[in-house]
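Below: one structure, written as structure tokens.
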């Protein structure tokens, strides 16, 4: 969207609020950044702009989707970067801005390393594609948006991207813009929960939600970048079920754990949900021809791709990453996340972006659809009231999930027969057996009886027994 003056832009924006919000990207506020230079725009193809988007252009692209599909979208921010740029999210849902009980929440995050630019652009293209196809009545996309709350964050590191994009010429330095403006590698900056869970595996301790009730500690930690803190709060505040973090520099779908148990540089380190994570990674790689090609040569001559299988890898088997976002999601919340490396080049020429879109379009859709697998349902008391933070345990898998505020839960699983137990403080636990197909998710609801209700019930039974005995024996 080109700027043509205030009045014309007001018409294009469609509302004063949208116009003011969009113009805010170009203004230097008190202590605010210069957002980045504008460039001549390329024409769209099928409603998608196959080009790099600097910060103002990224905002324009998201606003354009929002205005085009206003009934099923909204834009919000989870915070600001170190230099003050907003960490923007486009949400797509039939009821935007609201968590609908029983509807799972999904997120994509791109551009965590600012110089890894393909993921940033693919997520902008994805937002445009979903909006366009929804309006065309594409049944797959309509069903996806109506039954999933989708959150798309094109750039977690907008400062790093601006630095990388400011380099002259098509050949970009391998490291310029990787870190945030403070020089912090965001994918080494999250609390190292792997080390905690590895200790708990040996000595006993919780296997999930390891940051429960510790938000203040996150805020007070001066070693955490503002981008990291913003995403931690986002993860903790929304009941995400599934996520992918888009990177560049190779071609592979990477799954937990990312950090080795022994501390070695390379070692397969499976998490309790290794089976479903392998399946999730394949759901992405199998639709990407270059990624899943068994004969694809390594991106660089000396690269070690020996851990790659069908375009997937266990993260720690490839190389150990402490403090990564992927494992943080799994160990701090109910969210299962993989990391996808999209391109051998980190900042490839602009004319190649359309090819990357064609390689990844079906994978991006397929991966969102994986959220509708396994088991889902509600945990309530006998009066039908939701029980939040109930624990859902699967026999044989040492990783629990918890119910959200409406009592709703989602548990991703590969096909098979399982024993699922729901429990909550003050309630009697209930176990149920369930046969899980590949998809869709099987609904299993739980009604838990409180200890106080059980005591009253036992008291009434005792009184009835005493009354019967009294009448029988003529007391």
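The backbone N, Cα and C atoms fix where each Cβ goes, glycine too.
Quick look at what Swiss-Prot lists:
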| type | residues | note |
| --- | --- | --- |
| ACT_SITE | 341 | active site, proton donor/acceptor |
| BINDING | 113, 116, 247 | Zn(2+) binding site |
| DOMAIN | 51-371 | domain 'Peptidase M14' |
| CARBOHYD | 138 | N-linked glycosylation site |
| CARBOHYD | 389 | N-linked glycosylation site |
| SIGNAL | 1-27 | signal peptide |
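Here the features listed in Swiss-Prot are painted onto the structure.
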| residue | record | contacts (Cβ under 8 Å, 6+ apart) |
| --- | --- | --- |
| 113 | Zn(2+) binding site | 157, 160, 177, 178, 179, 185, 186, 187, 247, 248, 346 |
| 116 | Zn(2+) binding site | 178, 246, 247, 248, 249, 346, 347 |
| 138 | N-linked glycosylation site | none |
| 341 | active site, proton donor/acceptor | 247, 248, 249, 250, 251, 252, 253, 254 |
| 389 | N-linked glycosylation site | 402, 403, 424 |
Additional residues surrounding Zn(2+), by Cβ distance to the 113, 116, 247 centre under 8 Å: 111, 112, 114, 115, 119, 178, 187, 246, 248, 249, 341, 346
For residue 138 (N-linked glycosylation site), just give me the three-state DSSP call. coil
Looking at the domain 'Peptidase M14' (51-371) alone, can you tell me the average pLDDT? 96
Could you find out if DSSP has the residue listed as 'active site, proton donor/acceptor' as helix, strand or coil? strand
How many other Cβ atoms are found within 10 Å of the Cβ atom of residue 247 (Zn(2+) binding site), counting all protein chains shown? 23
